[in-house]
Amino acid sequence: MLKFTEEHEWLKIDGDVATVGITEHAAGQLGDLVFVELPEAGSTFSKGDTAATVESVKAASDVYCPLDGEIVEANQAIVDDPSLVNSDPQGAAWFFKLKLADPDAAKALLDEAAYKELVA
């Protein structure tokens, strides 16, 4: 199941684990990324908490945790090469995997059609 937030994160949900990243729209707005800071595995976050930080040539921005949960994995590849976020934001450049405290809460997030309407 693919879901989106109004803060421009995407979530690919598989059971009780969500893979989280930023959308193509967000990556395009940021411009070329030069730095990514990710949360550590084992960290817990509530919905809306700052979970990661990205810096581009234009600005620094926070990436918010879309739902309550625990980080089970972070994508070291985008720390090593932040430009991956610009080239494949909704694929190889995922940010972290989140074990959801309440998987049903994802139903309240935007579907792809609603997100496309938001950024149109």
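Placement of Cβ uses the backbone N, Cα and C atoms for every residue, glycine included.
From a predicted model like this one, the values you see are computed outputs, not experimental measurements.
DSSP assignment over the domain 'Lipoyl-binding' (17-99) gives 17 helix, 35 strand, 31 coil. For 17-99, the entry in Swiss-Prot reads domain 'Lipoyl-binding'.
Other Cβ atoms within 10 Å of the Cβ of Lys58 (N6-lipoyllysine) number 11 in total over all chains. The N6-lipoyllysine annotation in Swiss-Prot covers Lys58 and rests on sequence analysis.
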